[in-house]
Amino acid sequence: LNMENTSNVKEFILLGLSENQGVQKIYFVLFLAFYLITVAGNLLILVTISSSQHLNSPMYFFLCCLSFVDICYSSTTAPKMIAGLLVGSKTISFVGCMAQLFGFHFFGCAEIFLLTVMAYDRYVAICRPLHYAALMSGRACGRMVLGSWVGAFFHSTLQLLLTIRLPFCGPNKIDHYFCDVHPLLHLACADTRAAGAAVVVNGGLIALSAFAILVSSYVVILVSLKGQTAAGWHKALSTCGSHITVVILFFGPCTFIYIRPSSNLEEDKDMAVFYAIITPMLNPLIYTLRNEEVKSAMRKLWSRKV
């Protein structure tokens, strides 16, 4: 019997975070608020940076890109989930499911690469200030961002190809609130061990290597600050502090899920809420609250508008 591509599943049912009606109502209010804050906060950063003459350093260019990615990233999963909580219908077409999987991995991976590029920017600013202008020219920054998009495209295409070729012959219930690789591997009616291993290697390698680069760049930064005054330490750490916070919030759960063969989908689901919904919402808060330049630019923008 040839099981290859005998997918007779035309749509999937996303079980979501809870089957309980009361809990679903609470989740609806909660996640709608989270999503609106995410979009509004990141849009505010985009508008503030693009309309301010002072915020034209590479750091703010990358922050702009990160805010754009965060809006797209949370938009691949949140609206569908929120609508499902409101209407109670949680079906998603096969094509829609694959599109969601691709978008989620594309923007998630772009975020990982951008955070890595931002760490490099901080490293150059603190450890090689005299070469900063040359190393972080407009052209170099553009190339880094383009590289992030291209790398993300290759990663998500690979994840999609590993999944789309699997045969799905039912059941079609996905124990998650969006289409991700692990839950789909569980549903396929074929041996998915090879695909599962490829997913772990692909996702895990990216997350781990990026994390290694990030950690080492911060170790180098801290070592280079050894002879600094307290004021120098404070300045360096205040620009890095917000970035480190975001990295930990995003990479912690993300690495946890993709670095191990998935056995417990319940855990995966709870972790996913963290890096898919909460981190994109916290990014604008973390970056603005810790950054005087952004705050003063926002105040100027606000007073201009008012």
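Positions of Cβ are set from backbone N, Cα and C atoms, glycine also.
Where the annotation comes from TrEMBL, it is an automatic prediction and has not been curated.
It should be emphasised that the depicted structure is a prediction, and the values quoted were computed from it without experimental measurement.
Within the chain, the transmembrane segment (26-47) has long-range Cβ neighbours (under 8 A, six or more residues past its boundaries) at 17-18, 63-64, 67-68, 70-71, 74-75, 78-79, 81-82, 85-86, 277-278, 280-281, 283-285, 287-288, 294, 298, 301. The annotation transmembrane segment is assigned in TrEMBL to 26-47 (among others).
Look at TrEMBL and you will find 41-287 tagged as domain 'G-protein coupled receptors family 1 profile'.
Feature annotation from TrEMBL assigns transmembrane segment to 59-78 (among others).
Taken from TrEMBL, the feature transmembrane segment applies to 98-120 (among others). Counting same-chain residues at least six beyond the ends of the transmembrane segment (98-120), those with a Cβ under 8 angstroms from any Cβ of the stretch are 59, 62-63, 65-66, 69-70, 72-73, 76-77, 80, 92, 144-145, 147-149, 151-153, 155-157, 159-160, 163-164, 178-181, 184, 203, 206-207, 210, 213-214, 217-218, 243, 246-247, 250-251, 254, 275-276.
Residues annotated as transmembrane segment in TrEMBL: 141-162 (among others).
Below 8 angstroms of C-beta separation, residues 109, 112-113, 115-116, 119-120, 122-123, 126-127, 151, 155, 232-233, 236, 240, 244, 247, 251, 254-255, 258-259 of the same chain, each at least six residues beyond the ends of the transmembrane segment (205-225), sit close to that stretch. For 205-225 (among others), the entry in TrEMBL reads transmembrane segment.
The transmembrane segment annotation in TrEMBL covers 237-259 (among others).
Long-range neighbours of the transmembrane segment (271-289) within the same chain, counting only residues 6 or more positions beyond its ends whose Cβ lies under 8 Å from a Cβ of the stretch, are 17, 31, 34-35, 37-38, 41-42, 44-45, 63, 66-67, 70-71, 73-74, 77-78, 104, 108, 176-178, 180, 242, 245-246, 249-250, 252-254, 256-257, 295, 298. The feature transmembrane segment is assigned by TrEMBL to 271-289 (among others).
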Outside the transmembrane segment (59-78), six or more residues from its ends: residues with CB under 8 Å to it: 31, 34-35, 38-39, 42-43, 45-46, 49-50, 100, 103-104, 107-108, 110-111, 114-115, 117-118, 121-122, 125, 141, 145, 148, 177-178, 239, 276-277, 280-281, 283-284, 287, 294
Residues from the same chain, set at least six apart from the ends of the transmembrane segment (237-259), whose C-beta lies under 8 A from its own: 59, 108, 111-112, 115, 118-119, 122, 125-126, 182, 199-200, 203-204, 207-208, 210-211, 214, 218, 221, 268, 271-272, 274-275, 278-279, 282-283, 286-287, 289-291
